[in-house]
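Below is one structure, written out as structure tokens, with a few remarks after it.
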Amino acid sequence: MSNLFSKIYPPSITINHQKLQQNSSTIRCCSNSNNDEHSSTEHNGWVLSSFPEKNLVQHQHGIIKPPRPKRIILVRHGESEGNVDESVYTRVADPKVGLTEKGVIEAEECGRKMREMIEKNDDDDDWKVYFYVSPYKRGIETLRNLAKSFERSRIAGVREEPRLREQDFGNFQDREQMKIEKAVRARYGRFFYRFPNGESAADVYDRITGFRETLRSDIDIGRFEPPGQQSPNMNLVIVSHGLTLRVFLMRWYKWTVEQFEGLHNMTNGGMIVMERGYGGRYCLSMHHTKEELQKFGMTDEMLIDQEWQKIAKPGELNYDCLITGPSYFTHFDDEDKIFEL
């Protein structure tokens, strides 16, 4: 992690989330605006201070919750060696498969498009980006190349997140056996089929559920910037893999297994934007056109739900949602016919 961070932030940069003070082997957090130290506890002779970002800013009218980030931007890694030649997986561990030259170019282009999108749509100039990245080599290389479009002052931070890794296919792969396994998966079902010594998409769903809770907690407490300095123009960028990102969207929007299996993979170096809607929820149709979402594989019911997401507030439920409501029950059709009579 330190190596990853040093590539983006040289050692000379000052990280101002915490200030380390050496005094009789103690570590203290920086003081707040009232010069009051944050609470701390002692353990084995060390004074351990609480996280400063958890101390929500006090206001005369009560506690001010940090603003929700403007966007959550999902990025698939650029073209990898495995995308070009699947035999690579027989001799190179999946986490060590890197980008091709084309993949590097795709990552750089993704960074340029991302910055152009942000600058075009954000009136204020206080915007920043914060990255979550898969630890796989092609994920790290994608991050480093797309980040070339952002100077140091624009990058709020980065976190390597193992739960964003690719679906596990079972260590070193036998090319001919993998062809057989993928054919069996097509018959069994893409979501539930588990590769030998590997994962199913359902397994990925479980770990993405844990990551989603971490992400929501980070959003709720505004972990991306120091207390009192959070901007509503923060952009969270998740650099990961095709299936993992589709599962992330499935989990976030509560899509069904059938709807997930109808989705198409993102292009290498492509991005999908979840933008904060008018009520505060994240919505795909704030940025993407209906045609783009249909090309991705979204059904009419999913698109209708996105229109609700555009105006709904966090915590609200869509009781009329066709995805999770009446579509499950067939006897309603009979009742409707009776009422019509």
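Cβ atoms are placed via backbone N, Cα and C, with glycine included.
Values in this document were obtained by computation on a predicted structure and should not be read as measured data.
Residues or ranges marked as active site, tele-phosphohistidine intermediate in TrEMBL: His77.
Cβ neighbours of Glu166 (active site, proton donor/acceptor) (same chain, under 8 Å, six or more residues apart in sequence): Asp94, Ser134, Tyr136, His241, Leu243, Thr244. What TrEMBL records for Glu166 is active site, proton donor/acceptor.
If you look up TrEMBL, you'll see Arg76, His77, Gly78, Glu79, Ser80, Glu81, Gly82, Asn83, Arg138 marked as substrate binding site. Cβ neighbours of Gly82 (substrate binding site) (same chain, under 8 Å, six or more residues apart in sequence): Val88, Tyr89, Asp94, Val97.
Summarising the environment of Arg138 (substrate binding site), the number of other Cβ atoms within 10 Å of its Cβ, over all protein chains shown, is 29.
Neighbour counts of Cβ atoms within 10 Å were compared across the recorded positions Arg76, His77; the minimum falls on Arg76. His77 (active site, tele-phosphohistidine intermediate) sits 6 Å from Arg138 (substrate binding site), counting Cα to Cα. Counting Cβ atoms from all protein chains shown, Gly78 (substrate binding site) has 30 others lying within 10 Å of its own Cβ.
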